[in-house]
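Chemist: Features from Swiss-Prot:
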DOMAIN    13-148  domain 'SprT-like'
BINDING   His72, His76  Zn(2+) binding site
ACT_SITE  Glu73  active site
Amino acid sequence: MDLVLSSQTDLTNYVKKVSIEDFGCQFLHTAHWNNRLRTTGGRFFPNDRHLDFNPKIYREFGIDIFRKIVRHELCHYHLYIQGKGYQHRDKAFKELLEKVDGLRYTPRVTAVKVNYHHYSCQSCGQVYRRRRRVNLRKFACGYCHGRLIESF
């Protein structure tokens, strides 16, 4: 049976469950999915004590790896609540992370291919590559002020 964490409520309930099972302490705040995370599995915010998680990690690696990332973020959370060193460099963090079998580093997510639009100047042949489309009636070549055409 594969666990499906589709909503913020499901995610928060899962984090609360992991906190009780692996730490013996309650998680009293909220957990959120954050699609903007690229190179990290999760983040802990000391100001309001909420956790953000990367949904790509959950989708790509499954619940086992994701649970280890949840443990990692809960190490930050519980140590901060207890007033101990909660940063990666702190001894208390390293010891607790090893004790609960959390991940020290997030596995790499396969990069999403970015599509580019290619344009070239009719006069001088200068080639431009842009992520966003360019209005060809409004913009001209930056070198010779010639007309741009879309090339493939």
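From the backbone N, Cα and C atoms, a Cβ is placed for every residue, glycine too.
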Chemist: Tell me the Cβ neighbour count for the residue listed as 'active site', meaning other Cβ atoms within 10 Å of its Cβ, over all protein chains shown.
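Modeler: Other Cβ atoms found within 10 Å: 22.
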Chemist: DSSP on the domain 'SprT-like' (13-148): how many residues come out helix, how many strand, how many coil?
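Modeler: For the domain 'SprT-like' (13-148), the helix, strand and coil counts are 49 helix, 23 strand, 64 coil.
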Chemist: Are there any residues at least 6 positions away along the chain from His76 (Zn(2+) binding site) with a Cβ closer than 8 Å to its Cβ? List them or say none.
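Modeler: When sequence neighbours closer than 6 are ignored, His76 (Zn(2+) binding site) has Phe44, Tyr86, Gln87, Phe93 within Cβ distance under 8 Å.
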Chemist: Mind looking up the mean pLDDT for the domain 'SprT-like' (13-148) in the predicted model?
Modeler: 94
Chemist: Under 8 Å between C-beta atoms and at least six apart in sequence, can you list the same-chain neighbours of His72 (Zn(2+) binding site), or say none if there are none?
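Modeler: Sequence-distant Cβ neighbours: Gly41, Gly42, Leu97, Gly102, Leu103, Arg104.
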